[in-house]
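Student: This is the structure I want to talk about, given as structure tokens.
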Amino acid sequence: MASTTSSTLVLLIPLLLVACAAAGNFNQDFQITWGDGRAKILNNNLLTLSLDKTSGSGFQSKNEYLFGNIDMQLKLVPGNSAGTVTAYYLSSKGTTWDEIDFEFLGNLSGDPYILHTNVFSQGKGNREQQFYLWFDPTADFHTYSIIWNPQRIVFSVDGTPIREFKNLESIGVPFPKKQPMRIYSSLWNADDWATRGGLVKTDWSKAPFTASYRNFNANNACVWNGGKSSCNSNSASSTAWLSQELDSSGQQKLRWVQKNYMVYNYCNDKNRFPQGLPLECTHSS
């Protein structure tokens, strides 16, 4: 009986460690990296970033991940947020880094935020797609998700897919799959470009600007530590997302968003790419 119990514990310990590392505890999962007190963990499940004329603020995950199904709930800067950018993204380090971006570009009161997305692989980006949202992202928390597996990256908002970036290495398009990434977020001033191309500047009389975060969930993510992935210890059922793709309902929702809410797609910008559109654009879904 004792040996059976010991074996069970040995099997459970890796799973428990992964679960604890991904339970949504901001003190446990993240560290504030800059802002001189402007970033605050108010309890284990609520974090705020603030921006004033002196400085913005930011945080990063303690863990690195190599693939994941990751959720974060955000409530964006309300009112006149013109000139501000709230960035929430995954990134590796180095000159040939990989990166998966959500960036929220502020706007004048009453005008919609722009959700800016991008994918970098081996240091190359220029894959921007931008969207309006079908709700007010400042009135309440909404869930922003990234599914990143070896076949695709899917950006979702409240469970609705807005963008899919497929692995097209077979035609020579690099795909992020070898470099572990940390989660980063920051609130900063970018009034030289963020709102109407920099025409609208930040109104510092409205400062401090504050964005809020809660309910981080990386239960379905592969923590990378010491050259090993936690997913090697997980059951097949808990790693099903590693081969997940959009079903017919997901594809329909994706088309709905891209038809009604997409405001920029690099794959349609022939003036930007006079030598020809990027390879992946000719194979996009």
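Yeah, the Cβs are placed from backbone N, Cα and C, and that goes for glycine too.
Here the structure is a predicted model, which means the values were calculated and not measured.
TrEMBL feature annotations, pasted as is:
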type     : residues : note
SIGNAL   : 1-23     : signal peptide
DOMAIN   : 20-213   : domain 'GH16'
ACT_SITE : GLU99    : active site, nucleophile
ACT_SITE : GLU103   : active site, proton donor
CARBOHYD : ASN107   : N-linked glycosylation site
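Surface or core, plus neighbours and distances: that's what I need for these features.
Tutor: Along the domain 'GH16' (20-213), the predicted structure has mean pLDDT 95.
Around GLU99 (active site, nucleophile), taking its Cβ as the centre, 18 other Cβ atoms fall within 10 Å, counting all chains.
Sequence-distant contacts of GLU103 (active site, proton donor), defined by Cβ-Cβ distance under 8 angstroms and a gap of at least six in the same chain, are VAL85, THR86, ALA87, TYR88, TYR89, LEU115, HIS116, THR117, ASN118.
Around ASN107 (N-linked glycosylation site), taking its Cβ as the centre, 20 other Cβ atoms fall within 10 Å, counting all chains.
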Student: C-alpha of ASN107 (N-linked glycosylation site) to C-alpha of GLU99 (active site, nucleophile): distance in Å?
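Tutor: ASN107 (N-linked glycosylation site) and GLU99 (active site, nucleophile) have their Cα atoms 25 Å apart.
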